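Swiss-Prot has this to say about the protein:
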- 12: active site (ACT_SITE)
- 168, 171, 174: Na(+) binding site (BINDING)
């Protein structure tokens with residue numbers, strides 16, 4: 001699967017599912033360098049707690065770039081406590097206009113349990129439809145699988161885990177070694 005097939009997307013899969021008063025963010029653990037799997041147990045889903053305000057973030061793309069963005073998001077959340085949308089928009093504005101940040105290659109899914117966003121380097125802060133956010137090379141596979149399960153009796157974690165299992169069966173840059181974080185509304 002050539003990188004050009006998923007412009008701006010990178011070898012991983014992250015999904016956020018909101019259902020039943022909870023949001024679950026799950027990410028696989030595979031790190032690839034070209035056609036080689038370098039690591040199978042990376043943690044691409046993190047919990048931030050600036051000022052006691054819990055936020056769960058998942059990232060696809062360069063790890064160093066993602067950590068830079070997570071640090072900036074945490075600073076924005078400290079400056080605007082309890083306002084995830086505002087902090088996300090401020091991060092996206094900086095990311096798009098700052099010459100240093102423009103070079104960062106990553107995408108983020110962020111949630112505080114009630115709001116769920118995808119943040120991109122193009123300046124987008126997207127609130128996904130159908131209570132599902134998915135990014136990365138296997139994101140479309142996970143998104144389609146999760147949408148097919150949302151009307152079932154499965155809870156948010158089961159939907160996220162099952163969607164990730166399907167994505168890992170299809171996308172060679174995604175494995176089944178998951179990190180899962182749950183946050184309540």
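Every residue gets a Cβ built from N, Cα and C, even glycine.
Note that the coordinates shown come from a computational prediction; the quantities given were computed from them, not determined experimentally.
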Cα proximity to residue 12 (active site), best match among binding-site residues 168, 171, 174: 174
Listed recorded positions (12, 168), ranked by Cβ neighbours within 10 Å, top entry: 12
Least Cβ-crowded entry, counting other Cβ within 10 Å, from the binding-site residues listed as 171, 174: 171
Cβ within 8 Å of the mean position of the Cβ atoms of 168, 171, 174: remaining residues of the chain near Na(+): 13, 28, 30, 137, 138, 141, 142, 164, 167, 169, 170, 172, 173, 175, 176
Assigned conformation of residue 171 (Na(+) binding site) - DSSP reduced to three states: coil
